[in-house]
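*Asks:* Here Swiss-Prot flags 1-26, 78-97, 146-170, 238-286, 330-338, 383-400, 466-478 as topological domain 'Cytoplasmic'. Annotation comment: Swiss-Prot describes Met1 as N-acetylmethionine, evidence class similarity to another entry. Residues or ranges marked as transmembrane segment in Swiss-Prot (evidence: sequence analysis): 27-47, 57-77, 98-118, 125-145, 171-191, 217-237, 287-307, 309-329, 339-359, 362-382, 401-421, 445-465. As annotated by Swiss-Prot, topological domain 'Lumenal' applies to 48-56, 119-124, 192-216, 422-444.
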Amino acid sequence: MGPGPPAAGAAAPPRPLSLSARLSYAVGHFLNDLCASMWFTYLLLYLHSVRAYSSRGAGLLLLLGHVADGLCTPLVGYEADRAAGRCVRCGPRKAWHLVGTVCVLLSFPFIFSPCLGCGPATPEWAALLYYGPFIVIFQFGWAATQIAHLSLIPELATNDHEKVELTALRYAFTVVANITVYAAAWFLLHLQGSPNVEMARDASDQLGIQDVQVFQNLSLLVIGVGAVFSLLFHLGTREGRRPQVEEPDENRPLLAPTTARPLLLWRHWLREPAFYQVGLLYMSTRLIVNLSQTYIAMYLTYSLSLPKKFIATIPLVMYLSGFCSSFLMKPVNKCIGRNLTYFTGLLVILAFAAWVALADRLGMAVYAAAVLLGSGCATILVTSLAMTADLIGPHTHSGAFVYGAMSFSDKVANGLAVMAIQSLYPCSLEICCRACMGFYRWVMVAATGGVGVAATLCLCSLLIWPIRLRSWDPGAQP
């Protein structure tokens, strides 16, 4: 006899996401990625070299952005979890994504535009006060979009392999966003150059007030392209609705049997060891990725003394290698599992760190080193996001808080790390001296190899104590 028909009350197995649904989700963070690439790469350069603000003033605006982002991220995550589908047209995650997108669209162009009403006699502090509110609004919107988009992964994915695929596609579009920004910046600066070749060699390499229009046009291009992809996300992504609690009537018993799954609240996460294990691993991953991205240009320029074209070509090679490796995440995770996949990425990054430490001059081999760094960073970033989704599991109602807490630790750790590195800078002048030539080399070694060792220790803890909830008792009272 064959198996009987399914029980009447049995739930149908969830249908896997279609290709269009996966791609629609993946482009939902494209606007954030475009803005983040321009923010991290060009903000200090724009404020200091183009707008001629002091290094301290430009640094204060960047610090304000990090503080605002760090504070808004967990708060947005907590509020997103509290939302109970009040939006009629979309779910609570997409509603927060829409709010964040609007804030980014309205504020980001003003950050890379001249101060309205400011003149040559306007004091610097007044101009900084002008930019401050736009930066805070932008960082709030960026955090809301990021947390809402990340917390949709456990909601949409029906199995572990779909989680990896969604994070891999998300990272692939992050790479495309970075390539788009760098290519557009090169094109706009090329158009700004002088038709006289000899004059271009002297003038086009120096940024100044004449390049204000370049950055303003670049920010408008970023906003326009990002808005189109955000619209595609909202049109093609459907968030699952949470069942509403039915109102009791006079014919229903007051003491009905309880069948609903107990909720895992944010305060329960704080008592879970796995929450801190995955948090430390995610923080270490972000330190490797962000610090290497921040200091790779300094390393190429001052430690290796390479021409300026390498500042554009090497990051491009890094992102292209990361783009290609991101598509291998699903089959690799399926074959060897999360932990070994992450460890493989760490081995590639440690190989890059050893190469940089042992070789004074890389020459053209720097392209091969860039491939190692880009593919390794993509591997550990995608896998760490998949591990975070594993930690959340079916408890998607508090997933935004988990992602918010992870991002908060990431922002704080990166800010403190950059401050520590800058405080150790050996040159008292802005012009690089002989002492700083080796300084940036060892910064790259520490940012990749040193933090990579710390990430290895975090991974070992997950091998000993796998990702699962240990302290939460579903039968206990909240």
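All positions are counted from 1 along the displayed chain.
Glycine is treated like the rest: Cβ placed from N, Cα and C.
Are these features on the surface or tucked inside, and what touches them?
*Replies:* Beyond its flanks by at least six residues, the transmembrane segment (27-47) meets 53, 57-59, 61-62, 65, 97, 101, 104-105, 108, 111-112, 138, 142, 145-146, 149, 152, 170, 173-174, 176-178, 180-182, 185, 207, 215, 218-219, 222-223, 225-227, 229-230, 232-234, 237, 290, 293-294 of its own chain at Cβ-Cβ distances under 8 Å.
Confidence annotation: the topological domain 'Cytoplasmic' (78-97) carries a mean pLDDT of 66 in the model.
Long-range neighbours of the transmembrane segment (98-118) within the same chain, counting only residues 6 or more positions beyond its ends whose Cβ lies under 8 Å from a Cβ of the stretch, are 31-32, 35, 38-39, 42-43, 46, 51, 76, 90, 126-127, 130-131, 134-135, 137-138, 140-146, 148, 212, 215-216, 218-220, 222-223, 226-227, 230, 234.
Panel annotation: around the topological domain 'Lumenal' (119-124), residues 53-54, 57 of the same chain, lying at least six beyond its termini, place a Cβ under 8 Å from a Cβ of the stretch.
Long-range contacts of the transmembrane segment (125-145) within the same chain: residues 28-29, 31-32, 35-36, 51, 53, 57, 60-61, 64-65, 68-69, 72-73, 76, 80, 96-97, 99-108, 110-111, 115-118, 404, 407, each at least 6 residues beyond the stretch ends and with a Cβ under 8 Å from a Cβ of the stretch.
Under DSSP, residues within the topological domain 'Cytoplasmic' (146-170) fall into helix, strand and coil as 21 helix, 0 strand, 4 coil.
Residues 40, 314-315, 318, 349, 356, 361-362, 366, 373, 377, 380-381, 410, 413-414, 417-418, 421, 432, 436-441, 443-444, 447-448, 451-452, 455 of the same chain sit 6 or more residues outside the transmembrane segment (287-307) yet have a Cβ under 8 Å from a Cβ within it.
Tertiary proximity for the transmembrane segment (309-329) is limited to same-chain residues at least six positions away from its ends with a CB under 8 Å from its CB atoms, namely 164-165, 167-169, 171-172, 175-176, 178-179, 182, 186, 293, 296-297, 300-301, 341, 366-367, 370-371, 373-375, 377-379, 382-383, 386.
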*Asks:* Six or more residues out from either end of the transmembrane segment (362-382), which same-chain residues have a Cβ under 8 Å from its Cβ atoms?
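*Replies:* Distant contacts of the transmembrane segment (362-382): 164, 167-168, 171, 175, 285-286, 288-289, 292, 296, 300, 304, 306, 310, 313-315, 317-326, 329, 341-342, 344-349, 351-352, 355-356, 448, 455.
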*Asks:* Rank 57-77, 217-237, 445-465 by Cβ pairs under 8 Å to the transmembrane segment (401-421) and hand me the top one.
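*Replies:* By the under-8 Å Cβ criterion, the transmembrane segment (401-421) pairs most with 57-77.
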*Asks:* Select the range from 57-77, 171-191, 445-465 that forms the most Cβ-Cβ pairs under 8 Å with the transmembrane segment (217-237).
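*Replies:* Comparing 57-77, 171-191, 445-465: 171-191 has the most Cβ pairs near the transmembrane segment (217-237).
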*Asks:* With a Cβ cut-off under 8 Å, give me the same-chain residues at least six positions beyond the ends of the topological domain 'Cytoplasmic' (146-170) that come close to it.
*Replies:* 14-17, 21-23, 25-26, 28-29, 32, 73, 76-77, 80-81, 91, 93-97, 100, 237, 239-240, 326-327, 329-330, 333-334, 382-383, 385-386, 388-390, 392-394, 396, 399-400, 402-404, 407
*Asks:* I need to check the long-range neighbours of the topological domain 'Cytoplasmic' (330-338): which residues 6 or more away from its ends have a CB within less than 8 Å of a CB in the stretch?
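*Replies:* Cβ under 8 Å, 6 or more out: 160-161, 164-165, 168, 344, 383, 386-387, 390.
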*Asks:* For the transmembrane segment (445-465), find every same-chain residue at least 6 residues outside the stretch whose CB is under 8 Å from a CB in it, and list them.
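*Replies:* Distant Cβ neighbours of the transmembrane segment (445-465) are 273-274, 277-278, 280-281, 284-285, 287-288, 291-292, 295, 339, 342-343, 346, 349-350, 352-354, 356-357, 373, 380, 387, 417.
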